[in-house]
Amino acid sequence: MARGQLYIISAPSGAGKTSLVSALLKEDKLAQVSISHTTRQVRPGEQDGVNYFFISREEFLAQAQAGDFLEHAEVFGNFYGTSQAWVESTLAKGVDVILEIDWQGAQQVRKLRPEAKSIFILPPSLEALQQRLESRGQDSAEVIQRRLQEAANEISHYPEYDYLVFNDDFDHALEELKSVFRAERLRLSVQQVRFEAELRGMLSSQSS
């Protein structure tokens, strides 16, 4: 069985990353979003091991100290991390693992997993991004401006990624995202493992 591929997907807030990944997973049964470990409280409707692995702050810090996380960060006083063991066991089953992380997390992962493929999703423009953030109706004008500044910083790191997807049209962007996954699964190193018996049979019949 061919191993799964590790993917990093990053985007500025409001670029449509979560919606694109959700749409991808509805059609692609060989991919899964990483389930992070976190120290924050469980919210209504969430399940341990489904949405997150909920652990104590002490457990998290001990695991981080032991090097158990591919990447980890503190967000609004809570810790979030990606378990190396969970990622490895999922990849070993032939399932692709998607890490939805920012550029800083991506840099951490690349140091430990240089074979990871990374995809950056862009909005058509900062103006379009501002319109999307405003249309949500969730944030004040001040928060939106801060998010736009953060987005500009995030976008400046796009050259660090392997693939670039412009989300100016959702369906087109989704097709491009799916194309990346299809192309990676057709790489020689993957196909050699997947069709090992068939290839061996063809070559042995030639030599006999």
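Just so it is clear, glycine is given a Cβ too, placed from its N, Cα and C backbone atoms.
Going by Swiss-Prot, these are the annotated features:
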{"type": "DOMAIN", "residues": "4-182", "note": "domain 'Guanylate kinase-like'"}
{"type": "BINDING", "residues": "Ala11, Pro12, Ser13, Gly14, Ala15, Gly16, Lys17, Thr18", "note": "ATP binding site"}
For the binding-site residues Ser13, Thr18, the one whose C-beta sees the most other C-beta atoms within 10 angstroms: Ser13
Other C-beta atoms that fall within 10 angstroms of the C-beta of Ala11 (ATP binding site): 26
Residues within 8 Å of the Ala11, Pro12, Ser13, Gly14, Ala15, Gly16, Lys17, Thr18 Cβ centre (excluding the ATP site residues themselves): Ile121, Pro123, Asn167
Number of Cβ atoms other than its own within 10 Å, given for Lys17 (ATP binding site): 20
Overall pLDDT of the domain 'Guanylate kinase-like' (4-182), taken as the mean: 93
Packing count at Gly16 (ATP binding site) (other Cβ atoms within 10 Å of its Cβ): 21
Among Pro12, Gly14, which are binding-site residues, the residue with the most C-beta atoms within 10 angstroms of its C-beta: Pro12
